[in-house]
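Colleague: Provided herewith is a single structure, encoded as structure tokens, for subsequent inquiry.
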């Protein structure tokens, strides 16, 4: 019994959605459906790009990696949140909280630098089309993805180690639905000014540097598009970038509103709403914005469905 009490004392308790107790079963159904749609759309995109040789290009390689990141990103947060929506005691162990934060930060930071990689891909495609294949080789694409992952890994390691070395209050109630930085720091039993300063500095590095790289890429892209003589050519060039720009605005808009601010301005209700947007809605919208509206992907999907129907007829 004493061991059980000690174990419970080290748990973090989620209070997310506690003010919507009567709606939690409805939220469970809605979030579960959104999660299943997210998984199925991202899995479809990865499968189509893998199977169709016409999509074996750098742009679609990056799209498949983006879908993989979105799938992993939601897996870190959503299943636990769904379980908690039906549970009376919404708890997570100290180690579980640290692991969840680590992978959440790792995938989120990698995502930021990966969007910069995709911006660079569009820059080369539009500004240096004749050299695109020689610059964006398979090896270079893989190296860019690995570099994004390594930066995300190091940033997540630094933040998570710094935060979970702090002593915490006996009552570890997080006014959130997962182990995010601000709610965990709010229950630390120590002066967190140094930790907050380091976390804020890392947030600037992880968010502003890739955003600046994206803006520089698109500045050159804009100059190149304006030089295209025909309006049709300008529209076609811009259409290849519009989806990436929408994803950039959503990702950096949500992330900046939470992480690029003093911790004193932490608002649990506001952050919970924004967190729902970037952990559930954004991974659902990204494949629809970026891939399912893409002509080549839709063509490949129709070919795959047609081939599947023909194979079923032959089998019958």
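Every residue gets a Cβ built from N, Cα and C, even glycine.
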Colleague: In TrEMBL, which of 7-25, 121-139, 140-158 is labelled transmembrane segment?
Modeller: 140-158
Colleague: Looking at 99-120, 237-260, 272-292, which one has the highest count of Cβ pairs under 8 angstroms to the transmembrane segment (26-48)?
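Modeller: The listed stretch sharing the most Cβ pairs with the transmembrane segment (26-48) is 272-292.
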Colleague: Count the Cβ pairs between the transmembrane segment (237-260) and the transmembrane segment (272-292) that lie under 8 angstroms and are 6 or more residues apart in sequence, then report whether there are at least 3.
Modeller: yes
